[in-house]
Structures are given as C-alpha cells and as structure tokens.
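Peer 1: Please find one structure pasted underneath; my questions will follow.
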Amino acid sequence: MDLKSKFMEVYYKLKSELLNDPAFEFTDDSRQWVEQMLDYNVPGGKLNRGLSVIDSYQILKGGKELTEEEIFLTSALGWCIEWLQAYFLVLDDIMDNSVTRRGQPCWFRVPKVGLIAANDGILLRNHIPRILKKHFKGKSYYVDLLDLFNEVEFQTASGQMIDLITTIEGEKDLSKYSIPLHHRIVQYKTAYYSFYLPVACALVMAGENLDNHVDVKNILIEMGTYFQVQDDYLDCFGHPDVIGKIGTDIEDFKCSWLVVKALEIVTDEQKKLLFEHYGKADEASVKKVKELYKTLDLEGVFADYESTSYQKLNKSIEAHPKKEVQAVLKSFLAKIYKRQK
C-alpha cells in the first residue's frame with residue numbers, strides 16, 4: 001500500500017474516534033453533520049503538509065523503515081496540520097466572501113450551511129487537541145506538541161489580521177505596499193503553518209528540542225516566502241486549468257509580490273495607471289494591470305528572483321551541520337522549485 005493510502009486510512013480512524021468522542025453525546029443528526037463537514041473540508045487538498053511530516057520523520061531517522069506505530073503517529077500529526085488548514089480555510093473563505101475552494105463551492109456556500117460554517121471552523125480547531133490527547137498524552141513530548149500548535153495558530157491568525165486590515169475597503173492605498181509588508185504577511189499567514197510546522201512536528205517526535213533548531217525555522221520561513229512569491233506569480237501568470245483556481249489578487253487589492261515589485265520599477269506615468277486600476281473588479285482594469293506587468297517584464301524579474309532564492313536557500317541548507325536535517329530541507333525545496341501549480 002502506498003503512503004497516501006495509508007495516510008487516508010489514518011484519516012478514517014481519526015474521524016471515527018472524533019465522531020465517538022466520549023466528551024460529547026452525539027445524536028444521529030449531529031454525528032452526520034460533523035462527518036459530512038469533515039469529509040468536505042479536511043481531506044480534499046493535495047495533503048502536502050500532512051504527508052511531509054511522515055517524509056521528514058523518516059529522513060530524520062536516517063531513511064530506515066518506520067514501524068507501524070511511527071507511521072500512525074506521524075500520520076496523526078500530519079492530519080492535525082490538515083485539520084488546522086481546513087479550519088483556517090473554512091473561516092478565511094467566509095471573510096473573503098470566496099466562491100470556490102479546491103474546485104467545489106466553499107463550505108459556507110453549501111445550501112443549509114451558511115454561517116453555521118463559522119462554528120464548524122471552531123469545531124475543526126478543537127478537534128486538534130482531541131486527537132493529540134488521545135494519541136500523544138503519554139509521550140514525553142506531549143506538552144511540546146500542544147505548545148507548537150498553539151503558537152503556530154496564533155502566528156497564522158495574526159498574519160491573517162495584517163492581511164485583512166491592509167485591504168480594508170475605503171482605505172485602499174498602494175503606497176503602503178512594500179517588500180517588508182509582503183514578507184511579514186507571508187511569514188505569519190503562510191510560512192509558519194505550511195513549512196515550519198510539518199518539520200517541527202517531525203523534529204519533536206524524533207526527540208529534538210525545537211529551541212536548538214532556530215536556524216531550521218529560519219530556512220523554512222524563507223522557503224515559505226519563496227513559495228508564496230511563486231503563488232503570487234502563478235495567480236497572474238499561471239493557467240487556471242493547471243493551478244485549479246482563477247486568480248483574483250489584482251481585483252482583491254492584495255499585497256502581492258507582483259504589485260510590490262511593479263511599484264519599485266514603474267515610471268510616474270505607469271504608477272498613475274497602477275493606482276487607478278489596481279483593486280478594481282472590472283475586466284478592463286485587470287487587463288490594464290496585467291499588460292503593465294508584461295511591459296515591466298515581471299516574468300523576467302520573477303525568473304531572476306526564483307534562481308537567486310534557490311541558490312541562497314541551498315547555501316543556507318548546506319551550512320547546516322546535520323546531514324539528516326539537510327536532507328529534510330532539500331526534499332522540501334525540491335518539491336517547490338520551479339513548480340507550475
């Protein structure tokens with residue numbers, strides 16, 4: 001059985017445990033609601049974050065075959081990250097008034113769900129400590145795991161806040177957009193939970209103290225930033241069929257890497273055009289912004305950024321004293337370098 005199928009098996013086991021949690025007396029209706037909500041929101045993505053906990057742990061263990069227990073526990077931690085992601089996305093979609101997610105309507109758009117989705121988000125968040133309690137309570141690193149998830153959740157919610165208050169309607173001001181602001185949003189909103197958390201889970205399970213791995217955290221945050229810049233680029237220049245969504249960063253007045261880069265190199269004339277059309281939902285405005293991006297050769301600017309970042313990350317990774325840790329970081333970098341989706 002391949003790793004992904006094994007990973008899915010663990011999902012069904014965890015789901016079944018949550019639907020029979022002794023702390024709450026379920027009715028048939030409530031059990032059915034939670035089950036549908038979980039199936040709709042948790043396992044639908046690429047599962048990269050979750051699977052990389054298993055990968056990373058195996059590499060840290062020198063690549064030797066994992067025991068059944070190790071596979072189960074690393075999978076359970078991987079699913080905790082997927083639960084965290086589901087919780088963020090369900091609430092995020094309500095805040096952004098989004099239409100689709102992973103090729104289906106956002107959960108709150110499903111008939112009968114509506115704003116019940118807000119409570120479903122809270123439930124998803126509360127499932128994480130239930131899973132951790134059931135499977136890790138006896139472990140020496142139990143408190144470290146709770147701490148780690150709490151801290152990363154706080155960082156992500158704070159990153160989301162910066163993102164939201166930066167794009168408040170009626171306060172649209174492009175001049176406040178800069179590389180430092182872009183990096184701050186990305187670091188907190190995406191990099192901690194998508195890049196640092198999976199590796200941190202593997203390190204904790206392997207008996208490592210996270211305080212000794214600040215350098216690893218910094219490299220992963222840089223990698224997360226690089227990943228988000230790719231995302232910003234693909235939002236505009238990627239093919240919707242390939243990336244699985246239609247990009248709306250321009251319409252949404254997002255603090256995208258592209259607009260920040262554009263602001264650094266525009267003439268006064270071009271700047272006026274950008275200020276006038278960025279953040280407008282009409283097709284003509286979006287087209288004008290995209291044409292400006294082409295004129296400024298942001299595709300070339302991105303290609304330069306991509307190769308420079310790649311070299312810089314590789315150099316940082318190779319400076320790490322532990323070969324296993326290097327291998328974990330290199331496998332992460334290989335997965336995202338020059339990705340198309």
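Every residue number used here counts from 1 along the chain in the order it is shown.
Glycine too: its Cβ is placed from the backbone N, Cα and C atoms.
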Peer 1: For the dimethylallyl diphosphate site, Swiss-Prot lists Arg101, Lys189, Thr190, Lys245, Lys254; sort out which one of Gln58, Gln155, Gln228 goes with them.
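Peer 2: The record-listed residue among the candidates is Gln228.
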Peer 1: Looking at isopentenyl diphosphate binding as recorded in Swiss-Prot, which candidate out of Gln32, Gln36, Gln85 goes with Lys46, Arg49, Arg102?
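Peer 2: The record-listed residue among the candidates is Gln85.
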Peer 1: Could you give the Cα-Cα distance between Gln228 (dimethylallyl diphosphate binding site) and Lys46 (isopentenyl diphosphate binding site), in whole Å?
Peer 2: 16
Peer 1: What's the CA to CA span in angstrom from Arg102 (isopentenyl diphosphate binding site) over to Lys254 (dimethylallyl diphosphate binding site)?
Peer 2: 20
Peer 1: Within 10 Å of the Cβ of Thr190 (dimethylallyl diphosphate binding site), how many other Cβ atoms are there?
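Peer 2: Step by step: centre on the Cβ of Thr190 (dimethylallyl diphosphate binding site), count other Cβ atoms within 10 Å, giving 21.
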Peer 1: Around the isopentenyl diphosphate site formed by Lys46, Arg49, Gln85, Arg102, which additional residues qualify by having Cβ within 8 Å of the site's Cβ center?
Peer 2: Gly44, Gly45, Leu47, Asn48, Gly50, Glu82
